[in-house]
């Protein structure tokens, strides 16, 4: 039986401290937030209990320790919290079942023969050799299903788990068709993050090494004039983020963008993110701007790939067939079962929000984790920056990746992590999609994401291509509702984290409490003074004075 979140050691004194200190951290980790005092809030809860109505706590806890322990136990036992906080009742535990998804009529089932080769999919010998040079010898399920149909000229919607080889599922047929008619501009690939665009760019260059493919990268953080010149030279493939390509369409002039009007292939990688029309940071307006100058749908092939099938993507399956076009084909591999790899082990650790950093430092140094390559996800850039400072002061080999970093530093930091110069990457969700770093064996959710689909993409950075991996989520008392939502989405419960011979709470008190508290103050001071990691003051551009 899997222990329930928030109730594993309910009678221990350490757990009382955890529960009394836990607060909402679903979208932030700011332990400086102040709320209504615990004493007043408990008094209100007791009066509600007497009236027969008890509501969950809504405010963060502070450090008031005047209340009696027995009163605390009684109040906590009456809180109308989700079932995962309550004690386990024999026979009351139910398995979380993923809802079956009915596949559309035009869905193609990928071949299941494990002996299928790329040659059997009509892939040209030079491409097969390039794939073998990259240690890719047999196609994955999504590649088996998509490559033959794309070569036939059909539009595609491909859905498959993270780490299943979706990039090669569209890169291989595009390069094969390009080699038969190497015109420019042959393909445009749109993707939501700069790092993913860079990775796709590198994969296109690697697989096309026997040929003279000219591919360019068009992303934010780089000089627009240089990019405009490169676009004007008519490369064969453009890999871009929609925001920067839309900027060129609006400002770079017809001479620069006229080549886009003859594109043969348009790829929307991570289509669920690109087509999301809700919430801040929607990329849909920029995507529409990009599509406005590309050939109409009847004159190009459109390929959509995603790990999470959203309503926006699903709606495209039922669009009417345009005259002169073959029906859109849909290839979904394993999307009707679990949304995460079977080789991924999901776990959680109960932590008080006031001591998350202490638990993190201690957890990273346990015998099982001290040598692992780790991606640590946060919800905010400020949290990622702060943790980068803190973990470096605690002598961890760490780097960071988030949107507030200059593009050059983002590239350098990711390169350090790939080269194992840093074993920990502190990142926001810019690193959650598409990045393929085989050495990553552990993903930590320092903050639980609000959207369960973001959780799927985060934990998908490990356990890729059949390898094993672990994902550990830090769960505060008020994160339980969110954790349950995530479990329902992925179709599997999280297990309580355990390591033989390790009591995390004891180690926190014994080894980390004083040390981490001191380093927290130093890290916060560095961040407040605007210093770089390591203590140097950040350089700022200064205007030249003309005397």
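Each residue, glycine too, has its Cβ placed from N, Cα and C.
The feature ATP binding site is assigned by Swiss-Prot to 160, 161, 162, 163, 164, 165, 166, 167. Residue 162 (ATP binding site) falls within neither a helix nor a strand when secondary structure is assigned with DSSP, and so counts as coil. Around residue 162 (ATP binding site), the C-beta neighbours below 8 angstroms that are at least 6 residues distant in the chain are 307, 340, 341, 456, 457, 459, 460, 461, 464.
The feature compositional bias 'Polar residues' is assigned by Swiss-Prot to 1-13.
The compositional bias 'Basic and acidic residues' annotation in Swiss-Prot covers 43-55.
According to Swiss-Prot, the compositional bias 'Acidic residues' annotation covers 56-70.
Residues annotated as domain 'Helicase ATP-binding' in Swiss-Prot: 147-327. Per-residue confidence over the domain 'Helicase ATP-binding' (147-327) averages out at a pLDDT of 93.
Swiss-Prot lists 343-505 with the feature domain 'Helicase C-terminal', giving sequence analysis as the kind of evidence.
As annotated by Swiss-Prot, region 'Disordered' applies to 1-93.
Here Swiss-Prot flags 116-144 as motif 'Q motif'. For the motif 'Q motif' (116-144), residue counts in helix, strand and coil come to 16 helix, 0 strand, 13 coil, using DSSP.
Annotation comment: Swiss-Prot describes 269-272 as motif 'DEAD box'. Distant neighbours of the motif 'DEAD box' (269-272): 157, 166-167, 170, 189-192, 196, 200, 304-310, 312-313, 433-434, 453; these residues of the same chain sit at least 6 beyond its ends, with a Cβ under 8 Å from one of its Cβ atoms.
Listed in sequence order, the residues of the same chain lying 6 or more apart from residue 167 (ATP binding site) and placing their CB within less than 8 Å of its CB are 199, 200, 203, 269, 434.
By neighbour count, meaning other C-beta atoms within 10 Å, the densest spot among the binding-site residues 163, 165 is 163. Of the chain residues outside the ATP site list 160, 161, 162, 163, 164, 165, 166, 167, 140, 142, 307, 464 have their Cβ within 8 Å of the site's Cβ mean position.
Its Cβ placed at the centre, residue 166 (ATP binding site) has 25 other Cβ atoms within 10 Å. In the motif 'DEAD box' (269-272), the DSSP tally of helix, strand and coil residues is 2 helix, 1 strand, 1 coil.
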